[in-house]
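The next block holds one structure in the form of structure tokens; read it before the comments.
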Amino acid sequence: WEFNGSFYQPSAFLMMGIPGLEALHPWISIPFCALYLTALLGNCVILFIIRRTQSLHEPMYYFLSMLAVTDLGLALCTLPTTLGLFWFNVRRIGFDACLTQMYFIHILSFIESSVLLAMAFDRFIAISHPLRHPSILTKTTVLKIGLAIVLRGVVSLLPIPFLLKRLTYCGKTELSHSFCFHPDIMNLACADIKVNVFYGMIILLSTVGMDFIFIVLSYILIIRTVVSLTTKEECLKALNTCVSHICAVLVFFIPMIGLSMIHRFGKDVPPLVNTLVAYTYLIIPPALNPVIYSIKSTHIREALLRALCRKRG
């Protein structure tokens, strides 16, 4: 491949599965199918239960609905290319299709981060100012927060596909994953990618980074409020309402931070580790979140049992 400084874009990229285990892809697809099925069914059930149960029409469950929709979107973004590669060894993805998938994966990731922040704010208001909670987080306010979250993700990431399209690419077209990821694509370019690196880092820190800081701050304030409660029972009851959300935050942010660090600084990290962290980041949260909330939320669990009993009756 000789480019002589001329502009070049590949017609397609080649996706990678799990390095060194290509012969086992059909078997590896079984747990992936189980995770995708759990993500799709679990989040659809959460949305159905919240929509059908009048007592769940509260800010906490509106935000949970937003989280479920986001998780459904994330699962559907990666499902076709991942299972297509594992089942049929379809590695090729068109250049524009790759940019489109990448754009939606990053948008949905940013939206999930913002929704988790909104849920932390809801828990802070509910615990620290319970009497003012209904007047602060009205249906209109929740709707405005939801629209602001979507708008922030869409607008902040809009330049990314155009920054990638302006680059000249080398002959190497192999991606590190079975889906398209911004750092992965830009590292295949022959041109100067300083603008892409700088913009990606600024956007990541100003959105997901700030979300994480404010989530931590919210829980510091929540703990201060809980400590001031008079009885141990009240403390445990207040903290118990946060357990599901804390689990969702850890499941989402730990792999995301790990993957970002690997792509930017982990040149010597084995490809297998990179791949496993990427799958953990994009597939595990959508599958685990509905399970976590179904187990830990008494209201969700009771509504689900009522719905099952109605169908049996």
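Backbone N, Cα and C atoms are what each Cβ position is placed from, and that goes for glycine too.
Taken from TrEMBL, the feature transmembrane segment covers 24-50, 62-88, 100-121, 142-164, 197-222, 243-264, 276-295. The domain 'G-protein coupled receptors family 1 profile' annotation in TrEMBL covers 42-293.
Contact between the transmembrane segment (276-295) and the transmembrane segment (142-164) is absent: fewer than three CB pairs lie under 8 Å, with pairs separated by 6 or more positions in sequence. The transmembrane segment (197-222) shares more Cβ pairs under 8 Å with 100-121 than with any other stretch in the list 24-50, 62-88, 100-121, 142-164, 243-264.
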